Amino acid sequence: MIVEGSGGQGTCTSTGCVTDLNQRCPTELKVGEGDACKSACEAFGTPEYCCSGSFNTPATCRPSVYSQMFKSACPKSYSYAYDDATSTFTCTGADYTIAFCPSSLTR
């Protein structure tokens, strides 16, 4: 899915992902026969993967090997709770075009 903001002010760049993450999904995160890919938080439910408890700050919740795998496949996508620096964009007053199953990033 790709989301493109246009006609707005701020950081109106394309974001999303064109990679089939189900093909890259580690076995321990797969749903069924690879129909979907869970987050590490959903799969394991532990504080270090869910950024909860003593891991609930940007300093203590760091990207896991799983979030790094997602981030390498989809660099502009939000991959864990504190992934704001490279994955949060503000585009005010924009129109948005959302493309499902795109073949490539357009911007």
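These residue numbers are counts, starting from 1, taken along the chain as shown.
Cβ atoms here come from the backbone N, Cα and C positions, even for glycine.
Cβ neighbours within 10 Å of CYS91 (disulfide bond), excluding its own Cβ and spanning all shown chains: 19. The disulfide bond annotation in TrEMBL covers CYS12-CYS91 (among others).
According to TrEMBL, the disulfide bond annotation covers CYS17-CYS74 (among others). CYS74 (disulfide bond) is surrounded by 19 other CB atoms, counting those within 10 A of its CB over all protein chains shown. Following the DSSP three-state reduction, the secondary structure of CYS74 (disulfide bond) is coil.
The feature disulfide bond is assigned by TrEMBL to CYS25-CYS37 (among others). Around the Cβ of CYS37 (disulfide bond), the number of neighbouring Cβ atoms within 10 Å comes to 20. According to DSSP, CYS37 (disulfide bond) sits within a strand segment.
Residues or ranges marked as disulfide bond in TrEMBL: CYS41-CYS50 (among others).
Around CYS51 (disulfide bond), the same-chain residues six or more apart in sequence whose CB sits under 8 Å from its CB are CYS41, CYS61, TYR80, ALA81, TYR82, listed in sequence order. Among the features that TrEMBL reports, disulfide bond is placed at CYS51-CYS61 (among others).
The separation of CYS50 (disulfide bond) from CYS74 (disulfide bond), Cα to Cα, is 20 Å. The shortest Cα-Cα distance between CYS91 (disulfide bond) and any of the disulfide-bonded residues CYS17, CYS25, CYS37, CYS50 is the one to CYS17.
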